[in-house]
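To start, I am sharing the structure in question, which I have written as structure tokens.
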Amino acid sequence: MPERDPILLTPGPLTTSRMTRDAMLRDWGSWDAAFNRLTKSVCADLVRIAGGGDAYVCVPLQGSGTFAVEATLGTLVPRDARVLVPNNGAYCARIAAILRRLGVAHVELPFAEDEPASAHAIDAALARDARLTHVALVHLETSAGLLNPLDDIAAVCRARGKALIVDAMSSFGALPIALAASGIDALISASGKCLEGVPGMGFAIVRRSALEAAEGRSPSVALDLHDQYAYMQRTSQWRFTPPTHVLAALRAALDQFFDEGGQPARGARYARNCATLVDGMRALGFEPFLDARAQASVIVTFYAPADPAYAFPAFYAAVRDAGYVLYPGKLTTADTFRVGCIGALGADEMRGAVAAIGGALESLGIAMR
């Protein structure tokens, strides 16, 4: 008997629907008109979800979400710019690492791993250093599941006349975002997150005027968003071999996204998943790392058991044997693990995950205190 696919309680890759997986059973010619129409429809819908209107365009890119983050920073940020990076986790630090590699001056504004970035502190940092030209913000820091206040920070950037680039990798599709009148220059996400597609394609939704001003700026050929967009405008094609099956799966996932009711319905389902998970885990004795006011309903970080019998590899394996895949912790200040609430899942799967975790505690002899 074939093994049942595990349920992925991770922030991407994640459990996808049968319809999304079935969409990958067809082969596509990368220069074919039908595939070009598929690309165009996906890009139009991504701008629509972001509330961008005619002022924004979508540029898809082969690879993981980090490819799209690096491409966006390398394309939109001039080499003589100076970027403020609010930092409360590993994905904020990754932005700083990319800027360092690009040779772009940047200033990290540190926050604790359980502390949302403060719009007031960002405003003060911009006031102190007139050389700062951009802010690069992670909307949802997946290290802990921490939500940063995008609207408040965008308002500060508008008032200060600073360009804002947003990594919305783990929030786009689940949380409300409206680009029109936001002042955001670019929003970056990927196929395999809250849109419930499969991994393999990132994308940037960019203010048209900012992209058009970036010709020739990227130090990379493959990661040049301006060149990618200009080529697509001329030919309707990708510059290099596209992830055809990934795009087809994303088209199917977007159809299901709209059928479900779009972002409000998707976000509400994830919120129910999160509440079911947290309530069940608390009943087992686990406590979330974050205060509820800072917690996004996409992934929850829990403190690891204090019992010496606990070791994450064995705990992970026991839960995996029960059919659920957890995610290791990524914090520097506490021993934790993470449980995702996204994907083609509902409250029943969350209850099943809690039962599997409870079973792992019992089988491994781990006491909760």
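Quick reminder: no glycine exception, Cβ is built from N, Cα and C everywhere.
Sharing the record's features from Swiss-Prot:
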MOD_RES   LYS193  N6-(pyridoxal phosphate)lysine
Relative to the Cβ position of LYS193 (N6-(pyridoxal phosphate)lysine), how many further Cβ atoms are located within 10 Å?
27
Using DSSP with the three-state reduction, classify the residue listed as 'N6-(pyridoxal phosphate)lysine' as helix, strand or coil.
coil
